[in-house]
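K.L.:
Here it is: the structure, laid out below.
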Amino acid sequence: MAKEKYDRSKPHVNIGTIGHVDHGKTTLTAAITTVLARRLPSSVNQPKDYASIDAAPEERERGITINTAHVEYETATRHYAHIDAPGHADYVKNMITGAAQMDGAILVVASTDGPMPQTREHILLSRQVGVKHLIVFMNKVDLVDDEELLELVEMEIRDLLSEYDFPGDDLPVIQGSALKALEGDTKFEDIIMELMDTVDSYIPEPERDTDKPLLLPVEDVFSITGRGTVASGRIDRGTVRVNDEIEIVGIKEETKKAVVTGVEMFRKQLDEGLAGDNVGILLRGVQRDEIERGQVIAKPGSINPHTKFKGEVYILSKDEGGRHTPFFNNYRPQFYFRTTDVTGSIELPAGTEMVMPGDNVTINVELIHPIAVEQGTTFSIREGGRTVGSGIVSEIEA
């Protein structure tokens, strides 16, 4: 059979497996790749066994060491990138650093145990970092003889999801056995196909970066005599064209409006700049001293400057090059957003006296300058230029 060409016409979706240790996340990942390879053979659908997924290579993301397995597969209608983090700490780091941006996730719960502490923590983290769509896979149903027990476990999971503002009563719950499917039991293979049909239909197609409102973090500013001020940087999302009205947001109290009079890339004029492009933007009516690194150029009204927010953070361990000692309330490090450091103070949650290296915690932050942030913006926490933590904005306060 001739090799298929990679089909870019299929929508691409990022998903992952989450849930308590030993509930079968990695076995399910292996089962999905294996069953799809049997049922929908293609150059993309290659079976991956448990060992190869479990032996995930170490990666460094913003100074943090994370073990993550990335696998890809496709259904009849979509192409998926699937992330599986072997250890609980890896999972937490993945979520908080934004290394794994998931459009949706499969929550794996062993029917033999029901929801466990990490089940709860992963649901909470999904809520905090903006994973909006969860599908439940109740694993190991072949080990439970009592139908009523399965119903109880399902109710318990649904209640837990509702507690964290997921639609617990309505979201899909699929009961199966990843191991049996992996071993080739057709009944359980059918359930894996049903799970993938559910993922196809329940997790909406993500909005493409180019369809989102413009956001361009300013890296450099210079003036061209007779033409005006140029701001350069990499377009984070959206598009920019000549004659677009934009806003310059952050650092300064006032948000300034301006009009784009030119878009250049590698010294060539462009009709439009797209997400991912490194561009220079010529701005009319902006003085050289009215814009600086650390601000963002954005579609008017799409993002606002803030000084106070709640964040979900992971503090590097000593082995990762982080602090050697804990920090306490009112700790004042630098927060690095996109292209700049801003000092801020940290307020710890009630009842938390200190944070140890290697911990993850929810904090309240107050910055000394306003910065363009929104829910889901990631940041690093730094001391004297070295990274000591990593976080994501979970809620805007002011």
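Glycine too: its Cβ is placed from the backbone N, Cα and C atoms.
Okay, these came from Swiss-Prot:
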type	residues	note
BINDING	19-26, 84-88, 139-142	GTP binding site
BINDING	Thr26	Mg(2+) binding site
DOMAIN	10-207	domain 'tr-type G'
REGION	63-67	region 'G2'
REGION	139-142	region 'G4'
K.L.:
What parts of the chain pack near the region 'G2' (63-67), using Cβ distances under 8 Å and only residues at least 6 beyond its ends?
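P.N.:
Non-local partners: 56-57, 85-87, 90, 93-94, 97, 99, 314, 316, 320-321, 380, 387, 390.
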K.L.:
Among the binding-site residues Ala85, His88, Val141, whose Cα is within 10 A of the Cα of Thr26 (Mg(2+) binding site)?
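P.N.:
Close binding-site residues: Ala85.
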K.L.:
Give me the long-range Cβ neighbours of Gly19 (GTP binding site): same chain, 6+ apart, Cβ under 8 Å, in sequence order.
P.N.:
Lys25, Leu107, Val108, Val109, Gln118, Thr119, His122
K.L.:
Taking DSSP as the reference, which of helix, strand or coil describes Ala85 (GTP binding site)?
P.N.:
coil
K.L.:
Which residues does His88 (GTP binding site) neighbour through Cβ under 8 Å, counting only same-chain ones at least six apart?
P.N.:
Val21, Gln118, Glu121
K.L.:
Any idea what DSSP makes of Asp22 (GTP binding site), helix, strand or coil?
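P.N.:
Where Asp22 (GTP binding site) sits, the three-state DSSP reduction gives coil.
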K.L.:
How many of the residues that make up the region 'G4' (139-142) does DSSP mark as helix, as strand and as coil?
P.N.:
2 helix, 1 strand, 1 coil
K.L.:
For a three-state summary based on DSSP, what are the helix, strand and coil counts in the region 'G2' (63-67)?
P.N.:
0 helix, 4 strand, 1 coil
K.L.:
As a test of the contact definition, list every same-chain residue at least 6 positions from Asp22 (GTP binding site) whose Cβ is closer than 8 Å to its Cβ.
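P.N.:
Once residues fewer than 6 apart are set aside, Asp22 (GTP binding site) is near Ala110.
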K.L.:
With an 8 Å cut-off on Cβ-Cβ distance and a minimum sequence separation of at least 6, pull the same-chain contacts of Val141 (GTP binding site), or say none.
P.N.:
Ser111, Leu150, Gln175, Gly176, Ser177
K.L.:
Count the Cβ atoms, other than its own, that fall within 10 Å of the Cβ of Lys25 (GTP binding site), considering every protein chain shown.
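P.N.:
The answer is 26.
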K.L.:
If you average the pLDDT over the region 'G4' (139-142), what number do you get?
P.N.:
98
